[in-house]
Amino acid sequence: MYAVEVFNLKKRYPKKIPLPLRKVEWVEAVKGITFKVKKGELFGLLGPNGAGKTTTIKMLTTLLEPTEGEARILGYNIRKDAREIRKRINLVAEGERTLYWRLSAYENLKYFARIYYVPKREEKERIEELLKLVGLWERKDDLVMNYSRGMKQRLAIAKALINDPEVLFLDEPTLGLDVQSSIFVREFIRKLVDERGKTVLLTTHYMVEAEQLCDRIAIIDHGRIIALDTPDGLKKLVRDEDAVEIRLKGKGTFDNLPWRMAVVDEDSERGIITLRGQVDEEELPKLVEWLVKKGAKIISVEQKEPTLEDVFIKLTGRGLRD
Amino acid sequence: MILPAVIEKEFRMFFRYPLRVVSSILVGLVFLLQFVFFGQAVLGGRYSQLLATSTGMGDYPTYALIGYVLWWVSVSPMEAYVWGVRRELQRGTFEMNILSPAKILELLSGLAISWLLMDSALMGVVFAIGALIFDIPLTVSVILKSIPIILASLFAFLGFGFIFAGLVMLLKNIGPFAQIFEFSMIFFSGVFFPLSVMPEWLVAFSKIFPLTHAASAVRAIFVGKTYAEIQGEIGWLLFLIPLYWMIGYLIFKWAEKITRVVGYGGY
Amino acid sequence: MEVINELRALYGVAVKSWRIFLSYKIWFISDVMLGFFFVGQALLIGIGLTGERNSPALQRLTGYSDYVTFAVLGFMVLGFGLTFLSGFVWSVVDELYAGTLEYSFAAPIRRLTFFMGNVLTRIFLSLIYMSIYVPLFVVIFEVRFNFLNFIKALPVLFVGTAGMIGMGMAAAGIVLYLKDPGPFITILEMLVFALSGAMYPISILPRGLQIMAKILPYAPTSEAVRKVVAYGYEKASGEISYLIFLSLLYALLGYLSYKWSEKRARTIGLKSY
């Protein structure tokens, strides 16, 4: 039994609001994606910013109407059964302003409990349980505006569990969080799946996050799924050769090389650029020569274990960074 | 039980800051004082024979106070949609509400009712202070008799404001236009001066605003008229309530269809 | 050299706040409408209540029988005067909310330069409003102005300005320490609005409010300006001397309280949020 089934889903946005008599241009954000998520699975959509991840999540959570294609959540059709779906799912949206800052944590959860029809006799108990679960019980009466970014995100997760959803959607759950909060959030999500049997669909552009956390990953780019497998399965795509990481100093752009390499890091303070990709042993000297000709000072050339980033670079010729 | 939840949320956010409440009341009072004192200075007193002939109520402070308080409450649902919804759209809390299984219509009308109740409370205070400052005679029977009229007016105001619920989801910069519209209501509905000074076509046009009838009905009650004598106004109000609710609902449904395509964060 | 640098900084601040204003174009229309709203309201109230364009009652109280001209003058003095209060206070608050205040204050420019830059933009704006209002008021509402007299009254307006700036500085000093300054400013603006004597002579206010109105610099300014426009300097000497006294007092008060608050800001830090 699948929790999420997606068939050839497409979404076109108008650039302006289409009022009567107004001609508008349309942009295609999602260009036909198909995938299934099993019950109790932790599924990731990995891709760079603007790949269509958020649009996909908004369609699956019934916030946006798809232009074409179909999707079912727990067997319900996202076009026709929005209300049935909304009762059984929840979402942690991107950004930190998805809660009422002028209410306390407790008041926020109380409000959402009510608009999710949580029975009155369960309300108190559930709010207490959730606030303890995310470690905010001690500060339940503080206004959200006095919370740190990490605390706000933990509260957003508690809010997303208020209706005990069967499927939980998370859009970039660790974006902008400090290291400690990120670790907390990741471990928490894993536990939701392992211990409570929830189905989770999350989006991220951090490949480490996808690799550590997800049972299966769909790599999405320009509105299309370009690969879908377990992290190990995906890495098999690049396993036969090792990855090469070149660190260099130099001005100019090193994107769009004639090899499948991409800039994966840029230390603008020290002027150090890190390139990564898969290059044959015979090709490597040519690449280095080419870089030197372009004015680069090579600092180091290293062989690395392949990661999901290498998969993405191999498939698209670009890196995942912002 | 969506309505009480929304109302509780809005009340908590507003009444949490006593200084904000005080400042709202003061804003309400100051605009009132401006025009009433001006009228008195021009009139050299409070009673205008001309006003009495054209409207049936000669005491200017009473005339202005009733019209003004009702005007403030009448634009409140509009403000709830224009500013309340917009605020939630910008902050991202709107989508979180839409995501819940509660009906959007319930959530939105909850917002408008909350603001209407808050503003009614504020204007109750302004009315009381105004009555004290201008020494307006009040009797229990006049107040009791006004209540059904005021309740009917509130329903009409809610429907009228509802038109904006749909619009605000589509047009992001509706704020200044709404403000201009709100202020023009003061002119159209004869809040501070009798409509008799306006051209005839405008007087006819003013009939489409619930405020016009609400103000004129309550003023009539204050000068001791019976319900039978104001059945015209009451009839208009009862006619406008379903009309505006229907128009508002249709616009909203249309806007909702578009926002589902464009996205609620269309901003 | 230092003066030139300071002037350039002033210009920089003014240009910045002008640009920010330009990003809210539609509000401009709504703001301009507000002026017509007030004056139109005044006309219609007068006609609705008396049926006349002139009011003998107002003539007895103030010397003005044309109530629309009376209101226009008051409205313009008020608009000009609020520029200072709002300029000072909102320039602090907008930047506090936007989180840029500490950057602006960390710059080596004098804080007064920072404030005056913001005020300058607002004065420029209110001049634009006036240049829209005055001709249109004359045409639409048949406001009768003796321009010569109005120009003669300008020195009085400038005397009042010193007091208004003083009050603005004092308010800015207080605002630096408030957690949620929005409502405080609104309350202050409303008090000024109600007690400015823009729309009515303060002599018809209840006794307590009259005293408060006399203490703030606004009503004395508009009364003195109106009197000069109507009767000339000699008859207005009483009003003018009171205004000079009050303005000096506010200028001093504003300067001292602002200095004090700036010193405190350095020891306890700006705001608590």
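Quick reminder: no glycine exception, Cβ is built from N, Cα and C everywhere.
Keep in mind that TrEMBL annotations are predicted by a computer and have not been checked by a curator.
When Cβ-Cβ distances below 8 Å are used as the criterion, the transmembrane segment (C:26-47) is approached by residues 53, 55, 67-68, 71-72, 75, 79, 129, 132-133, 136-137, 141, 199 of the same chain, each at least six residues removed from its ends. Here TrEMBL flags C:26-47 (among others) as transmembrane segment.
According to TrEMBL, the domain 'ABC transmembrane type-2' annotation covers C:34-261.
Taken from TrEMBL, the feature transmembrane segment applies to C:67-93 (among others). Proximity of distant same-chain residues to the transmembrane segment (C:67-93), defined by a Cβ-Cβ separation under 8 Å and at least 6 residues beyond the stretch ends, is recorded for 17, 35, 38-39, 42-43, 46, 53-55, 58, 101, 114-115, 118-119, 121-123, 125-126, 129-130, 133, 137, 141-145, 157, 160-161, 164-165, 167-169, 171-172, 175-176, 181-182, 185, 188-189, 192-193, 196-199, 217-218, 221-222, 225-226, 229.
Taking Cβ pairs closer than 8 Å, the transmembrane segment (C:114-141) reaches residues 9-14, 16-18, 21, 31-32, 35-36, 39-40, 43, 68, 72, 76, 79-80, 83-84, 86-88, 90-91, 104-105, 107, 165, 168-169, 172 in its own chain, all 6 or more past its ends. Marked as transmembrane segment by TrEMBL: C:114-141 (among others).
Annotated transmembrane segment per TrEMBL: C:153-177 (among others), in sequence order. Outside the transmembrane segment (C:153-177) by six or more residues, the chain places 77, 80-81, 84-85, 87-89, 91-93, 115, 119, 184-185, 188, 216-218, 220-221, 224-225, 228-229, 236, 240, 243-244, 246-255, 257-258, 260-262, 264-265, 270-271 with a CB less than 8 A from a CB of the stretch.
Nonlocal intrachain contacts for the transmembrane segment (C:184-202), taken as residues 6+ away from its ends with a CB within less than 8 angstroms of a stretch CB, comprise 38, 42, 58, 61-62, 71, 74-75, 77-78, 81-82, 85-86, 89-90, 93, 171, 174-175, 178, 209-210, 212-214, 216, 218-219, 222-223. As annotated by TrEMBL, transmembrane segment applies to C:184-202 (among others).
Sequence annotations record features per position, and here TrEMBL assigns transmembrane segment to C:240-258 (among others).
Sequence-remote contacts of a segment are chain residues at least 6 beyond its ends whose Cβ falls under 8 Å from one of its Cβ atoms, and for the transmembrane segment (C:240-258) they are 156, 159-170, 172-174, 217, 220-221, 224, 228, 233.
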